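Visitor: Sharing a structure, written as structure tokens. Questions coming.
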């Protein structure tokens, strides 16, 4: 076993012994059914070595982690023109807040809060039918992982559509300012479905490898984005990837990351590793509580914080 294998196993054992697991996302009925005892951790280093602990192959709803990949696709489609429709600043507000949109003329603060991700989804949808846009997103996820089995959890998507009134309000408000080009129902349908993609920690860590290695998958040699674009996506992940808990994550973990209310976290150690953690219990900001604890321990023990050891 490598040092990384040992560290990952130790962390998985430590997390299993803890009782402070946070609370699952009750406002999405399907997510409220998830057992809060689950935990997985997978790290894939630059050589392609996989260190796995806990429920590494248990699929979960990636939720807002999908926003990293839709951001990548939207930037590929219209480039830096995207930043005319969505900002790059932390919000300091809950992920589904409508308050800032009123003051900022319908322009969302960043692509990782719900309003921003809906605007990004609208870019991907333009020129397509909703089914085609979803197909593009799924093909991208399957390309990144080399796994054709990745799919949308239709029960979760339907659950979100039935209860996503706040997201509908955000979308309609942006539409009133001309930020969205497509019918609101179409954009929301694609948004709810890509948030309902189900992946395991192993699959998610595979998907994030291009961000850890200057836009390129080192195992396949495939270039996904330019080095500069990978760096900028990582920068937005660091400053905005955990809603109004982004500063706390940067302080404790010191890595770019993106959380989802399904309990997953994708973290990037630039030049070193792509990391996925999952624990469905959330903290007050809607981020995985023990996922953050595990990543803090990993970053500290491996000396991976971008701010130094």
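Backbone N, Cα and C define each Cβ position, glycine as well.
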Visitor: Of 64, 299, 305, which does Swiss-Prot put in the substrate site with 114, 160, 167, 191, 243, 261?
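Guide: That substrate site, as Swiss-Prot gives it, pairs 114, 160, 167, 191, 243, 261 with 64.
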Visitor: List nothing but the largest Cα to Cα distance in Å, as a whole number, among the residues 64, 114, 160, 167, 191, 243, 261 that the record says bind substrate.
Guide: 19
Visitor: Looking at the binding-site residues 191, 243, which one has the fewest other Cβ atoms within 10 Å of its own Cβ?
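Guide: Ranked by other Cβ atoms within 10 Å, the binding-site residues 191, 243 bottom out at 243.
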Visitor: Report, as a single number, how many Cβ atoms besides its own are within 10 Å of the Cβ of residue 114 (substrate binding site).
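Guide: There are 23 of them.
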